[in-house]
Every structure is written in C-alpha cells, then in structure tokens.
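A.B. asks: Please read through the structure below; I'll follow up with questions.
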Amino acid sequence: MTPGDAVSWSGRSPMDYEKPEALNPQIFPQSGHQSPQPDGEATLHGYEDPAPPEDKREFRGESLWRVLDERHINMIAFSGTIGNGLFLGSGRSLASAGPGGAVVCYILMGTVISSVISCLGEMTALMPVNAPVMEFPRRFVSRGVGFAVGWVYWFAYAVLAGEQLVAVSNAIKFRYDDGITFLNWEVGQKVDNAVWISVFLTLVILFNMFPVRVFGELEYIFGCFKLMFIILLIMMMFFLSIVQPRGEAYYQEPLGTRYWNSPYSFFNLVYNAKDENLHVKHSIEGSLGTLLGVWTTFTSVMFSYIGMDIVAATAAESRALSDVESMKMAARKINLRVITLYSLAMLTASFVVPMDHPFINGHSTSVGARSVFIIAVVEAGMPKVAHFFNAVFVFSAFTCGINSMYIATRVLHTLALRGQTGPEFITRRLRQCRSGVPVRAVLVTGAIMMVAYMGRDGSVGARLDELANNCTVSCLVVYASICATYLYFFRTLENAKIYGNTSESQAASYDRDNPLYPYKSHGQWLKACYGLIACIILILFNGVGAFIEPFSIRKFVAAYISLPIFLLLILCYNIRKHGLRFGDWWTDKSGDLSQTVQASSYKRKGRLEFPDNGITRDNWATFVHWVWVWMK
C-alpha cells in the first residue's frame, strides 16, 4: 500500500471513501490484530512489513522508503523545533511581557502545544497511518477539512522554511555596537541578503535530495548538537547571574534577581506601539498595556514551538510505524524536552538582561544583536563567545530550514498520491520518487520558498517578524483542526464501544481504559477542548497589534490571510465534490476505525515499575534503564 491510500492496511481501495457504507463508523475484523505478548515490541499479524529489504526497494517509483528509527524521529522533531524562535525571538518576548510575563507565556503556550501533540499522538499510536495530520481530519471531520488542512499545512511549512532562510541571511549580517563593545562580521555586511538567501536555499534543497537514511543520520547529529547547546546555554545564563562578574563585565556585582525587582517588575507595565520600521509611535500604560504586552507575546512564543508536530509527520518513513510504544514515547519526549528547555532558557536569560534593554526594544544594530543570549555574554565581558553563539544561531536556522522543507515536501507528496494537486500531468510528476525522495516535490517547495526574497529589505527584523507571524497563524489553524478532530475521534470511539460488535481481543482498540490501549493521556478530551479554544482565540485576536495606531496593513495581512485561505479551500473542495448540496458537505467522513493496533505487553515502555521491594540491584538496574529510555 502507498502513503496515499485513503484507508491504511484494510484492503479497501481509496474509492471506498466514495461509497455510502464508508460514511458511518465501521468496525472490521482485524487481520492486523496484535495479541499481548509477555514483553517486547508490537507485532502486527497478517500485516505486510512496510520496510522491505534494501535490495527490494524501488529506486524509481511513488513510494517513500521507511528506514527511520525512533531516534531519528525524535531528533528530527527536536531539531526542527529548536531555532530562531527561541534564540532570536526571546528578546522580543522579554521586552513585551517582562521577565515573569515572558516565562508565563512560554509555560502557557507550552500547555497548548502539549495538548495538541497529545491529541495527535494518541490517534497516531492507535492508527499508525501515513500523513496523520491530514488523514484524521479527513476520516473524522470531513474530507473537505482534510483537504484544506493538507494544503495549509504544506503552505505553513514551505513559508516557514523560507522564513528560516531570512533568519540565516539576517544573522550572518551580525553587527553589535553599544558604544562599548564593537563586533562585526564584515563578510555578512558586504554581501547582499539575496546572495545569502540564494546560497542557503540551494544548500537546503541539496540536503533534502539526500536519501532519507542519510538525512535521518545527519538530523540526529544536528539534534544532539542543539540539545547539548541549549543545555549549555541554560547553565551559562544561570551561572552568569550568580557568580562574581569578570573585570571586563558591564556590572560589578552578581545580578541575581535584580532585573525582576524594583524599578523593574514581573510584567511589563508599558506597551509600545511601533510602526513597520519598529519605531515607537506611542505607549499604552497600566493594566491595558500589560495585557497587550502579554497577548502579543503569545503569538511570538507559539512560533517557537512550531515543529513539535513533526514527530507524527515522519510516519510515512518510519520503520517503527506499527510500534505503538515508539509513537507514545516520541510524543511525550518532545513535549517534555522542548517545553522544559524553553521555559528554563527564558527564565535564566531574564536574570541577566533587563526588559528595557534598547537592543531588544527595536534599537539593535542587527538581528543577532537583539538576542538576549548574545547581549548577556557581551555584557558579562565575553565578546568572543558572542561570535560563537551567533554562528550557532546561523546553523540552527539553517537546519530548521532543512527540516521545514522536509515536512513540506512529504505533505505535498501525500497530496499528490491522493490526486489533490491539480491536473494529472502535474500530480503524476509530484508522486515520483528517486531513492525514496520525492524529488519534484522538493523542487516545487523550493520554488515556494523563494518568498524569502521578500524579506531581503526592510528594517532590522521587521520582515522576519511578519513571516514568523504568518507561519504561526497557519499552524494554529492546523492545530485547531487537530484538536477538533480528536473530539470527533473520541466520540467515534465511544460509539464503537457502545454499539460495535467487537471481540474481547479487539476491546483494547476502542476502550481507552484497557491496559493495552496504545497511548492514553488522562483527561485528553478536556485537553483537546482547551487546545481548540486556545488556538481559535489566538487565531482571531493574534493581529490586535495591527489595529493599534498606526494601523499596519502588512501586519494585518500577515496575521489573518491564512484563515480565509483555509475556509476558501474547504468551500472550493465541497462545491467541486458536492455542488450546492450543503447536507453532503459534512457527511462524507468515514469514521474508519479499522486496522487499529494494541500494545504488545502489559509492561509499558517508559513506566517505572520496580521488580523488588527496597533497594536491590534489580531495582537499580530498572531505574537506570527507565532513565535511559526517557533520555535517549
């Protein structure tokens, strides 16, 4: 079966979705049912292994190669998330919301994205299909919504990849000049942004042409490096706040919590309205100013978390697709790692940089100079470290561009497999793969990434912020759709449990209280409601800054263009398929629960259960193994 089959592993053709019997929840005998084993990996009986031997793979064809292991998936998602949203955008958050407000924003937005990933993770663990972000809305909401989610998802990551190229070109033009310290990358200053965008666009395309196995190994290395760097960053910011400063530092005593105490405050009490060139036009003080500062920070913080959904988007190339523990652990690890590291990074940085620093309030001499981490080491008397940090920021944005393009190309390839990319002569070419890589999908996505050239001019960071805002809203639309899909999925599970004629061996597939149910997060339907409401509110009010004088058309378009495009895609799909028969627009979902999988053992991966009482050698070995499972 190919990733484009509408129903995975069920033996039914994609055209079955057109038949009346496919429009209601269905329970099928499961040839792929798993029997509980004493311990070990999940095994699908009667299921054809999606990862054929290397000598039997097609060099040319329409299929992706499933060669990625769990470690590759974890690090592709981690590497795709860690980028300029944190390194270059945290200063903007600190300036807008204040030290405490910025940390609160990272934690709150972390709970929102965690709710979304838990919804996606549970559905994917139970039904490990290809392209789950698009397939589940198609199954449980409507095919029109699935179609729209697919195109918005592709557009979001294609633009995100372009935004990363803008970040790279801006970071290379590094210049830091505060009147005391002068740092400058002359090569970056002398070469036009368009040249850097062209160079790195070519490199990003070349990396995405590598066979996916090579790509996975490179991303594993990149992800490990980023993980070590961000841990180093957190430790360094913490020690800079408590140790006696160097002789070259801008201050003579340890900073401690100075920038949290009076005359500073937990929240920023003043909101500065800026024009398109980041010049302050007027200020709003008091409670309203605090609210506006925190609210506008929500969007920029959410941008930092974009990429965590990659953990499910790699399903088409995952060798461990049918291993329910793999998806469960991947979803939980990415939530735990990213939210914890981001919150700690923002917290420790707020100890060493004040919220009124001019460089994070629109007066920086370059994009790199507005990073709180670079400001911290420069003012601590370590300017050489600032060069290293900026080099890592360039590398980080570049690798995020690689990951974003990877996801965009796989989404476009899946759309082509479903015949949803226009005329047949275009669709046929987008389906083609070489060594498991959708080469033409890579080239088409690379063409869309040329949107990055729109960010070559403008004031420092202004175009970067606009592109980031547009990517954020597009992803929020997708995240809201995932949460809504989960609620439909949850209701379908309840109906299957009540009305379905299932055997005892199949019960774990539909009963969330069964110990063999693949992945259950307590109160998940409440989390889905919370994530849905939060995403909708953020979508509707994320552009509030555009309405504050002076009104900015560019900010308004960047903030809201994705929503009408999403609705227009749904409208066009339904009119084409159903005409003006409005009653059919929302009844073409299948609610298909066939070919679900179960855990293979009552002993679940990642759960700490000691074999003995007291302190014994076996208990220590169990504990060390548990730590390793969560750390690897």
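We number each residue from 1, going along the chain as drawn.
The backbone N, Cα and C atoms fix where each Cβ goes, glycine too.
Curation does not apply to TrEMBL; its annotations are automatic.
Keep in mind that what you see is a predicted model, and the values were worked out from it rather than measured.
Pulled these from TrEMBL:
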COMPBIAS  27-37  compositional bias 'Polar residues'
DOMAIN    72-576  domain 'Amino acid permease/ SLC12A'
REGION    1-57  region 'Disordered'
TRANSMEM  101-120  transmembrane segment
TRANSMEM  140-160  transmembrane segment
TRANSMEM  194-212  transmembrane segment
TRANSMEM  224-243  transmembrane segment
TRANSMEM  292-313  transmembrane segment
TRANSMEM  334-353  transmembrane segment
TRANSMEM  388-408  transmembrane segment
TRANSMEM  437-455  transmembrane segment
TRANSMEM  467-489  transmembrane segment
TRANSMEM  528-551  transmembrane segment
TRANSMEM  557-575  transmembrane segment
A.B. asks: Tally Cβ pairs under 8 Å between the transmembrane segment (467-489) and each listed stretch (194-212, 437-455, 528-551, 557-575), then give the stretch with the top tally.
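C.D. replies: Most contacts with the transmembrane segment (467-489): 528-551.
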A.B. asks: Against which stretches of its own chain does the transmembrane segment (101-120) lie, if we need a Cβ under 8 Å and a gap of at least six residues from its ends?
C.D. replies: 90, 93-94, 132-133, 136, 266-268, 290, 293-294, 297-298, 301-302, 304-305, 308-309, 311-312, 331, 334-335, 338-339, 342-343, 346-347, 350, 479, 482-483, 485-486, 521, 524, 527-528, 530-531, 534-535
A.B. asks: May I ask for the residues of the chain that lie six or more residues beyond the transmembrane segment (292-313) and have a Cβ under 8 Å from a Cβ within it?
C.D. replies: 73-74, 76-77, 80-83, 85-86, 89-90, 92-93, 96-98, 101-102, 104-106, 108-110, 112-113, 116-117, 120-121, 124, 131-133, 156, 160, 267-268, 270-271, 284, 327, 330-331, 334-335, 338-339, 342, 400, 403-404, 407, 410-411, 465, 468-469, 471-473, 475-476, 478-479, 482, 538, 541-542, 544-545, 548
A.B. asks: Please give the sequence-distant neighbours of the transmembrane segment (140-160): residues at least 6 beyond its ends with Cβ less than 8 Å from one of its Cβ atoms.
C.D. replies: 17, 131, 133-134, 306, 400, 404-405, 407-408, 411-412, 414-415, 418, 420, 445, 448-449, 451, 467, 470-471, 474-475, 477-478, 481, 484-485, 488-489, 492, 562, 565-567, 569-570, 573-574, 577, 585-589, 591
A.B. asks: Ranking 194-212, 334-353, 557-575 by Cβ pairs under 8 Å to the transmembrane segment (437-455), which is first?
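C.D. replies: Ranked by Cβ pairs under 8 Å, first place goes to 194-212.
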A.B. asks: Quick test of the contact rule: Cβ under 8 Å, at least six residues beyond the ends. What residues does that give for the transmembrane segment (557-575)?
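C.D. replies: Answer is 142-145, 147-149, 151-152, 155-156, 466-467, 469-470, 473-474, 477, 539, 542-543, 546, 584-585.
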A.B. asks: Which one, 194-212, 224-243, 334-353, 528-551, has the most C-beta pairs under 8 Å toward the transmembrane segment (388-408)?
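C.D. replies: It is 194-212 that shares the most Cβ pairs under 8 Å with the transmembrane segment (388-408).
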A.B. asks: If we skip the immediate neighbours and take only residues 6+ beyond the ends of the transmembrane segment (334-353), which ones have a Cβ under 8 Å from one of its Cβ atoms?
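C.D. replies: Distant Cβ neighbours of the transmembrane segment (334-353) are 74, 77-78, 81-82, 86, 90-91, 93-94, 99-100, 102-103, 106-107, 110, 113-114, 117-118, 227, 230-231, 233-234, 237-238, 240-241, 255-257, 259-260, 304-305, 308, 311, 360, 372-373, 375-376, 379-380, 630.
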